[in-house]
Amino acid sequence: MPLAAFVFNALALNKKSAVAGWVSTLAILVSTVCAVNVFARVWDSESYIHQQQVWFTIGATKVYVGLLLNNLSVLLLLLVSVIALPVHIYGMAYMKGDPHFGRYFTYLSLFCFSMLALVVADNLILVYAFWELVGFSSYLLIGFWNTRDKAVLANKKAFIMNRIGDIGLLAAIVTLFAQFGTFDIDALFGQHGLISQATIQDGAWVTAMGISMPAVWQWVACIGIFMAVAAKSAQFPLHTWLPDAMEGPTSVSALIHAATMVAAGVFLLGRFFPLFSETQLMVLAVIGCFTAFMAATIALTQNDLKRVLAYSTISQLGFMVMAMGIGAYASSLFHLVTHAFFKCLLFLSAGIIIHEMQHLKDEHQLDIDPQNILYMGGLRKKLPFTFVVCVIAACALIGLPLTSGFLSKDGILIQSFEWAGHHGGIWYLIPVFSIISSMLTAFYISRLIFKVFFGEFEPEKANPHIHPHFTDGGLAYKIPLAFLALSCFFPIFSFNPFSYESAWVVKGLTLAEHGGEADLLHTIIPVGITLVSIGIIYWAYNIYVSPNRKLFPQDTFLFKLSYNEWFIDSFYNNAIVKGTLSLSGALFWIDKTVIDGFVGLLQNIVLTLASITKWLDKYIVDGFLHTLAATTVAISNFVRGFQNGRVQYYLFSMMAVLLAFFIYKILI
Amino acid sequence: MISLTHFLITSAALFSIGLYMVVAKKNAIQVLIGIELILNAAILNLVAFGRYDKLNNNGQTFALFAIVLAAATTAVALAIILNVYRKYKTIEPDSINQLKD
């Protein structure tokens, strides 16, 4: 079994450029088959597979490398490969003719590989490594069209935001290792793992072995994990990279947003779930709820097709994180799965629309933005297949009955009400806000559908002479879309279309049986939400399609707030980017004047000292030697004068010396 | 009356003249003459002091010896001068400075 897993990992890593598309698709097909196989064996079998081997040893610490396959990871494994397969097939058609076709599939394979490896990794070091790889390969994919300035900016942004999260993850891992002395996920988070035995007593975090450290470290670990999740799964306040990441090819957006990158955050949350305490889960719930609400309001007014979908993704991810926060662990992952399918579907159909619009633009030299929904309309007749799958996905996103979204979303909403019922008081705000977000979702996605598919085709209205010949594309487009659309319906997940508890995903993941079910809630909420959603859809239809349309005032504060994405991006730009820049400027100035000045001063001092030394050397030391030498020369010359070989002179000298002696003798 | 002092003064004068000639003259023969003068000054002193030894006349005897020796050294010195002349074609002491290294 692990051998099979390793084989598909190796295959997924395959990097051939010429036939890269086929190779990658084949590889992902094989991994899908393997994943299904693994899934069938592990799922609900009350056991999990945990294989490991010693990787390296540091001191007394052994680090293992291995696989951990439990319900959570096989679910994600299946999800990732099943979503990646249609995206690969679609990508082969979508990227046809692109000069970097091979590079695209190489990156895509790397991305899938790192994601698949992330979900099966059994220790924190491996998780961190693949976490980084996922971030890195998404960086490559977002900036795939690296000649576009915007794409480069977007991938830089995504990368930096993800780095912030990586720091958090690293901090959390290090903290956990310091506390528990192991990287093994199973040992840490398993059924009777170390985390569940660790308790907080008197402000200290005590493990079962009796090692204790201040309780603040438990918070550090949780905040670190949360940072990582927020960066990967685009939670407030680190969500701004995701809309920008739309600069990548649309199929990449589908993969990143639907199945892999953003799922990594929720997956990590699922892995680390036992670590969080009650209070920390509440924080998670609040942040998730806030993100869901904020992103939904932003999505209301965006005009870029892909940005609407991006904010919709953020909103849905907010739902998932909130579900984790309220303890609806299974529902959260269930929503992750269903969302993966319908969001992938939405993105892929958006890809077709954008593709066709781009063609139209190139053909007729129109001055339109192929992603702007204001330039679309009436595509219902031109792209009938895309229209149908899009509507299905939108229904699933709204959570209409008979779709998968209905099951998962209502599961979250019901459980949030139950949770709020336990906590009471102000915590009712969370379900209320999530219901509002859910309503907003219904509105913005209907707005999208109506703007794109209903009404009249705007470019045609502006220039009547053009005759766009749109097609839904060949089988390579249709098969993935049909497959994903099929997956949006309830039977895939549950035979009972109205009860989320009977979905197999929820059954397999539920951690503990929850007690008395509030039956009233279970009927009222789905019915109420469905009715209100339908009302909202009708309202949106009235606004955007019917002839007597009423336009929203576009200058209110709320509109601006939403249109400018709550000013978060511009706040980051002003506060953080500019702040950093001016800080750098200030540091540069300090460097230049203070440090360089100090160094310059030092240099001058040294120079002066050196010249003094030089003078001393020259005139004192050398001078002494020179004097000595000169004296010697003078004496030598004087003495040499006597040795001139003339006998008479010698005699004279002798006499003179003798005389001198006598005179000396006489005088003394 | 000629006293001992006169003899000694004469002798000293002779010595000084001889010394001067040895040091200053530009001719080896004259230098030799100077040497003779110094020798004779010494002999004059020997003879002058010989009056204190009237019994054995040792002073006079030494003077005779010295005169004989002086004649011998003069002969040797002249021979040397002759050889020097042969070698250097001059007998000027200043130009014979091979004694230096």
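Cβ atoms are placed via backbone N, Cα and C, with glycine included.
From the options A:481-500, A:601-620, the stretch TrEMBL describes as transmembrane segment is A:481-500. Note on the domain 'NADH-Ubiquinone oxidoreductase (complex I) chain 5 N-terminal' (A:55-105): its mean pLDDT in the predicted model is 71. Under 8 Å from some Cβ of the transmembrane segment (A:125-146) lie the Cβ atoms of residues 63, 65, 100, 103-104, 107-108, 110-111, 113-115, 117-118, 152, 154-156, 158-159, 162-163, 165-166, 169-170, 173, 183, 185, 228, 232, 245, 247-249, 252, 255-256, 260-261, 264, 268, 271, all in the same chain and six or more residues away from its ends.
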